[in-house]
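Data block below; observations after.
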Amino acid sequence: MVSGANILLSSLVFSPLLAILVIACIPGRRFAAIKQVGILGTLLPLILAFWMFGLFNYDTSNLQFVERHDWISIPIGLAQTGTVFAFEINYELGVDGISMPLILLTAIIGTLAAVASWQIKKRLKEFFILLHLLLIGMLGVFAADNLFLFFIFFELTLVPMYFLIGIWGYGEREHAANKFLLYNGIGSGIMLLAFIAIFVVMRTLNIDQIAAILTTPDHPVTAALTPTVRFALFMALFVAFAIKLPVFPFHTWMLKVHVQAPPSIVMIHSGILLKMGAYGLLRMGIGFFPEQAYQFSTWLAILGIINVLYGAVLAFVQKDLKMVLAYSSISHMGIVLLGFAAMNSIGFQGAMFQVVSHGFISALLFFLIGVIWDRTQTSMIDDLGGLSKSMPFVSGVFLAGGMASLGLPGMSGFISEFFAFLGLFGRMPVLAAIGALGIVLTAVYLLRAIMRTTFGPTPSRFTGLADAQPMEVIPMVVLLGFIILIGVYPAVLGNPMQQALKTIVPIVTGIGG
Amino acid sequence: MDTFLHYAWLIPLFPLLAFIVIVSFGRQLKEGAAIVGIGLTAVSFGIAVLAFWQRFRDGGVDYNYVVDWLHVGDIVINMGFEVTPLNAMMLVIVTLVSLLVQIYSKGYMHGDERFPVFYQYLALFTFSMLGLVISPNLLQVYIFWELVGVCSFLLVGYYYFKPEAKAAAKKAFIVTRIGDLGLFIGICLLFWWTGSFEYGPIFESVALGRLEPWMITVAAILIFIGAMGKSGQFPLHTWLPDAMEGPTPVSALIHAATMVAAGVYLVAATYPLFIASDTALTVVAYVGGITAIFAASIGLTQRDIKRVLAYSTVSQLGYMMMALGVAGAAGYVAGSFHLMTHAFFKALLFLGAGSVIHAVHTQDVFEMGGLWKKMPVTALTFLIGCLAIAGIFPFAGFWSKEAILGAVYGAHRYDLLVIALVAAFFTAFYMFRLFFLTFTGKARGKHEAHESPGVMTGPLLILALLAVVAGFVNTPYAPLLTDWLLSTGTGTAIVNVFGEGTEHAASWLQIVALLISVLGVILAYLMYGKKSVSPNSIPEAMPWLYRLSYRKYYVDELYQNVIVRPLGWLGIILNGFDKYVVDGLVGLTAKITQGIGALHARVQSGQIQSYGAMVLFGLLLLILAISLTVEGGGLFGFGR
């Protein structure tokens, strides 16, 4: 392996620090310089992420780029053997086929969100510092192989988000920020309790080890864990991540965030932060307690269907484009649940594809809403219309993004939707068929929203709008490019995932079959 | 030697190349985009003809080639292509009609400000349609199935600024998607029941009896639901007449000759599944029959030239489905045969209608009239199209319609036979009503009509020639197409089940059918040509019947009131529920929590602090819990 690869992952996770340091040294009024550094700074994690992806070994299910260092050790008691037992918090990072694509996604969306932040007009210095902090948190969540680290990084995303929404958002930004914090704080609290309980029994915080021990039948350490306790722990983890995903009825906070946060932050929020819920659910919920997840899978499917259909019907009647997309996100995250509920490799792959695919698609759509807002100062559907005339490029990309979102083949949304449903049809065909109604409803609400915005007669006030500028074209083309790449050649995403999914699936199906 | 079969995958790729070139250089190319589209489609047509010829000459087994596309767990999903008699025929039809339509559009769309965009969409459509036809597995079919749907959507909504076009495009997409959902579910279920998306293994599982009979019926009907959406079968037909909002060449290519026939093609391509289930076949036959007569009866009263043609298309597609549904080798061949002849004469009729609209700038037939002298080429070719679709000897439609009637009669479905004959009468009547109103009598509108340019009349002449001769490939005296379609793969499977059974209609049936068609023509002549019978006699005698037909049996209104509106209401109710109940309850909980918090500590004045306190609290909890539970007691001495 290339020398330096042993600290590659840490370098990647903390690489945004460099930009933070540089920006901290630039005087706050030098907007242009801050923007340049803010955007260029995100290229470093991007390059490192692609480098790592290049080195990533597809043929092993083991963690790669592993880093383990002793970090904190608080001696707190004597074990029966007489040795001192210590509360150890180690620094443990590693990636596998599930986290690798998400790290890549994070780096890509991070850069594009920075580009999209060019329209931010106040307190740029703080904005970009917080943005880079957020980036560290997100990268860390996907790289952590330790519950404590995971928790810290998870929390690290909340604080910058709170300020990014509360300071740079629209009208009701403070309300949205508080609501965001309230819900996520509760989620974190539940997650923390579950982590503590797990640690108390397992005596380790290492995610890989915990999963290995918990899924070994009759392992002495886990003898204390009765099925009831396990189920309680699974449910705690499920609720914690369900708030993040979000699952009905925990979803109302994210509506506010989607409407009030600035577009570039919503790109990150909808594109990546929601995905931490899906990731946690797979890695910890299902990874630690496959048996309980299997028992719960019918409920996963039912909750997934509720998300899919409820989100779609509500998206159909919204007046604000942002709300349409917010409910659309709820609907699409339901598909993730459906994929998990399938409890087979096809369903899991569909769910993970959906996580990545929706990341790109929602980032694209929210970016476009930002562009439209920039021209028209509105995102209300009834105020818009006929934009194709003056903004053909933006309107075309908007339609393409909508098509990707409604699962048009040749785009990533189709692959993820198809495999999530295909997986579920293998286990619960009736529920899958009900959920599949969402395929029609998605088309109904997306076409309504997009065609009312871009088709139809052009009002005179919109005849002179400027089409996309070069700085806006870049994110659109890059995002659309990835959406089409995954849609046409899904193996680019599927192959790295194979080995990691192969380790989860037999455990789950071994229980079920 | 199978060189051209081996390179059949290139056939869809040239239009794809055209699409990419026009997308990249559309602004520079301007109307030169037409040359790119036409040139590259011509190459595809050339290869398709060579592949067809080679397939025809050499016979033998079907050509199939696949590559790995995606691994999921232990499953490998392939993409590839195959060449069978059925799809070799389709490749030629699609490339030929697409080529002619693109040539024609060069004249028709001349001066349009989004000219390159139009050719871009046409190229993408041609690629997708060819990809659909050449697919060897159902997943790939579904992929292209959706892509042709989106191209149709884009082209129907080409005049995006017109509210009618916008509504029609949306409707086309959503109604067909309802059908697609059936196909989607069918594919998923078949995958789990047979372990494959590929035609071969699926048919093998069916043939070997690995599937329960109910599974076959369910899967076949679900696939048929997809076909109903695409092919405008009742009750999913409503989008097709509205789709006429698109430019007329699009109606000819997509909504007459190729895409709408994809449903018929799909049923034919998955025929081994259908013949294993009597129930599924019966459903296909009756849905087809009902659609045929239902749409024909609407076509009788419409005023818009394109809408008459649209209902005629729906009706003819119903005819094809009915043929497939009556099963047996005869039905399979007759359905496929009619698919081919219909592609030619209906494309001809639409392009002819386009030529007329281009000249008179109206679509209302009551504002036309007297165009025979002013537009001789258009008029003559349109007449040929009318004769072909009416099933007049010896035009193409005569032979294929005769084959369908023979198949229905041979299967002893006498109720369907009556329906088919009545629909044939209607068809002959409304087509010649259209012809007489448009081309004979006095000019009723204020317009200076001229014959269209050669770039438009050229394709008309070629299609007219095909509308005359295409039927001869399968006459009772020389059933070339029958022999060929039944030679391999699906064809042999059908013969194995049903036997050859391709005897043609008894000669008395041929004569009756011909007489009925002639009767329809004569009635139209008396009403609209000679005007010796008042066209108003029937509407005046039975106004409700006329209105029922003119208002298309109120199906649109029904859907609007039963599905669309209630969905909106449901949305509004749920929106209130979400806002006041879901969010409200949580908000209430939050308020209570805050209240309790305020009682306890002043540090919790802001959210950040409360949040920080929670983290700290958690950490303390963690250490406490560990201290309590470590065997042998913790350092703090608890539990000793």
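Each residue, glycine too, has its Cβ placed from N, Cα and C.
Note: TrEMBL annotation is automatic and uncurated.
If you check TrEMBL, you get these features:
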TRANSMEM  B:6-26  transmembrane segment
TRANSMEM  B:33-53  transmembrane segment
DOMAIN    B:69-119  domain 'NADH-Ubiquinone oxidoreductase (complex I) chain 5 N-terminal'
TRANSMEM  B:86-105  transmembrane segment
TRANSMEM  B:117-136  transmembrane segment
DOMAIN    B:135-427  domain 'NADH:quinone oxidoreductase/Mrp antiporter transmembrane'
TRANSMEM  B:173-193  transmembrane segment
TRANSMEM  B:213-229  transmembrane segment
TRANSMEM  B:308-333  transmembrane segment
TRANSMEM  B:339-357  transmembrane segment
TRANSMEM  B:377-396  transmembrane segment
TRANSMEM  B:416-439  transmembrane segment
TRANSMEM  B:460-478  transmembrane segment
TRANSMEM  B:508-528  transmembrane segment
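Taking residue pairs at least 6 apart in sequence, the transmembrane segment (B:33-53) and the transmembrane segment (B:416-439) share fewer than three C-beta contacts under 8 angstroms. No contact links the transmembrane segment (B:86-105) to the transmembrane segment (B:377-396), because fewer than 3 Cβ pairs that are 6 or more residues apart lie under 8 A. Contact between the transmembrane segment (B:460-478) and the transmembrane segment (B:377-396) is supported: at least 3 Cβ pairs lie under 8 Å, counting only residues 6 or more apart in sequence. Taken together, the residues in the domain 'NADH-Ubiquinone oxidoreductase (complex I) chain 5 N-terminal' (B:69-119) have a mean pLDDT of 89 on the 0 to 100 scale. For the domain 'NADH-Ubiquinone oxidoreductase (complex I) chain 5 N-terminal' (B:69-119), residue counts in helix, strand and coil come to 29 helix, 13 strand, 9 coil, using DSSP.
Counting residues 6+ beyond its ends, the transmembrane segment (B:213-229) has Cβ neighbours under 8 Å at 145, 175-187, 189-190, 193, 206, 236, 262-264, 266-267, 270, 273-274, 276-277, 279-280, 283-284, 287, 321 in the same chain.
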